Every structure is written in structure tokens, then in C-alpha cells.
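Worksheet: the structure to be examined is printed underneath.
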Amino acid sequence: MIDTTLPLTDIHRHLDGNIRPQTILELGRQYNILLPAQSLETLIPHVQVIANEPDLVSFLTKLDWGVKVLASLDACRRVAFENIEDAARNGLHYVELHFSPGYMAMAHQLPVAGVVEAVIDGVREGCRTFGVQAKLIGIMSRTFGEAACQQELEAFLAHRDQITALDLAGDKLGFPGSLFLSHFNRARDAGWHITVHAGEAAGPESIWQAIRELGAERIGHGVKAIEDRALMDFLAEQQIGIESCLTSNIQTSTVADLAAHPLKTFLEHGIRASINTDDPGVQGVDIIHEYTVAAPAAGLSREQIRQAQINGLEMAFLSAEEKRALREKVAAK
């Protein structure tokens, strides 16, 4: 189901949601952190989704053990490097790694700006080693409040040339996008792109708000757009992309099952939607699974899957020249 003549992308992939269980075990031992289990087999139920979670917040708790072992900036650098290695193993040509440095820093009071620098270093080294192209998207974790988001923003701005876009994720119900208008104004002033998690836990109004108030060029998840025909029309007309994450939306109980997922409808409506993983380490999936298992189960035809793959590159925060070069590189292989 993957067209090998086209670039394979994953543009909604959380770096801090893709920490290998084996790495969690090793870092736990290295830093004498008490884990809920002492073997890989018994640890996995604590760090991966085994059965669908009742809601998004419950799903997010599965990420916590991964960041609890980030006891140093070297640990942050390691997981960033391993994210690129994992992308290469999956056959990805281009990834956009979203990460929340405040969340990664929290357990051991690491300097937030230092985490950003460590992630940049690890990703850069990974790209050099494995030949994958990657860009970094800074996440403000609204779950932790406006002040914490401000701290994350300042850390990103200190490395503005290595950050491609700003994202907003976390508890959308408790912390609506309206609290973060000034943050996104500064992001635009820095020349960054804007993508926002919306229409996942909250309804279609959260997507409208992300577009109108925060200036979103893309929407993360966006499943609730299906409830608003005018919104779907607007997304199609304005070519505002939806970063679809099929398995994730089932595991968070945002959508009942893959057959009910709106991605097929979005594509039929002319919306620029792509296939992505979200938190592959926590979900126990990879991009190959999303294309070959999840997408057909969601009712997508072979041609629709190919269109979603094309959309992934079209939506990517790359220049026209970078996209052309990537297409030519893949076609030449």
C-alpha cells in the first residue's frame, strides 16, 4: 500500500511519545530510577497501550514513564538520536518531530532550553548517520498552564533557526487556544509555521479557533471536523491540512473503530489529509502499520492511500525546492 516511488513522510510524530521501552529500561537502570517493572516484557504494559484507553488524558499517562527516565541532557540527546534511527528503520524519508521540552524536563528539573539544544543535537547527529531528513516542531504543553508554555516558547526562540513550527498540544478542554494568542503572534514574528492539535478531545469549534485565532496552517488530528460541513468545505478550499493519526484516534477512544474514522470522508471531500503515527513508541505501531493495516481498515482505497502519501509531502513544512529535491531523490532510487 506504500508507493515506493514517492517520499514516505510522518509529519505528526511526537519525539517524546517515541521512547523505546528498552531505552526506558536502560536509562532507569543507569540513573537508579525505580520503574514499575524490571524486565522488558513486564514493563511494556506500563509504557504501551495494550487496550484502548477511555480518553486522551488516560492515553497520555502512558508517555510519563518515558520522560521520567530523562535524568540528564545526554538522555534527551539519546532519545532524539534514536527517534531518527527508528524513522530510518521504518523507511521514512522525512519526519517532523514534535516535542515538548517542558514535559521532557519536568521529572528531573532539567533546563528547558538545554533540552531543546540536546534534542537539536541528537536529531542532527541522527540525520547525519541515517540519511533521514527531519525538522523540529516545538510543542507548548498547555496542560501545564500558560507560564510553562511561555517558558517553552522562550526556549524555542533561543534556537529559532532550528525550529520549523510551533504546535499546541495537551488538555484542550481545560486550556483553550484563546489563552495562547500572544504566544502564536511571537511564533509568526519568528517566521515559523503553525500547526495546532484540535478537533480531537474538543469539537469542531476548537479547529475554527485554531485557524482563526492562532493562524493554524495545519491541524493535528482534526477528527471532529466531520461534524461541521462548513468547516470541511473551508479546510478543502484553503488547503489547511489534517495530520491524521488513525490508530491513535482509536486508542484514545476519540473514534470508536477504524471503520468509523473520518479520514476517508476527508479525502473524498478534497481535504489535504495525510497518514501519520502520533506516538509510535507508546502505541506499539509504526508508519508501515498505519499504511498497510490501519488505512485499509479505515476503508481507504489504494488510490486514496496514495493520495494521503502525496499529501504528506505537500503538507510538509518544506520549501518547494526542498520538496522537489526529495521527490527526485526518492524517484532516482
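Cβ coordinates come from backbone N, Cα and C, glycine included.
Secondary structure from DSSP puts Glu200 (active site, proton donor) in coil. Other Cβ atoms within 10 Å of the Cβ of Glu200 (active site, proton donor) number 24 in total over all chains. Sequence annotations record features per position, and here Swiss-Prot assigns active site, proton donor to Glu200.
Its Cβ taken as reference, His197 (Zn(2+) binding site) is surrounded by 26 other Cβ atoms within 10 Å in the chains shown. If you look up Swiss-Prot, you'll see His12, His14, His197, Asp278 marked as Zn(2+) binding site.
Classification of Asp279 (substrate binding site) by DSSP places it in coil, neither helical nor stranded. What Swiss-Prot records for His14, Asp16, Gly170, Asp279 is substrate binding site, and it gives sequence analysis as the kind of evidence.
Taken from Swiss-Prot, the feature site 'Important for catalytic activity' covers His221. In three-state terms derived from DSSP, His221 (site 'Important for catalytic activity') belongs to an extended strand segment.
Checked against Glu200 (active site, proton donor) by C-alpha proximity, the recorded positions His12, His14, Gly170, His221, Asp279 yield His221 as the nearest.
Candidates His12, His14, His221, Asp278 (recorded positions) were compared with Gly170 (substrate binding site); none lies inside 10 Å Cα-Cα. When other Cβ atoms within 10 Å of the Cβ of Asp278 (Zn(2+) binding site) are tallied across all protein chains shown, the result is 28.
Of the candidate recorded positions, His197, His221, Asp278, the one lying closest to Asp16 (substrate binding site) when CA atoms are compared is Asp278.
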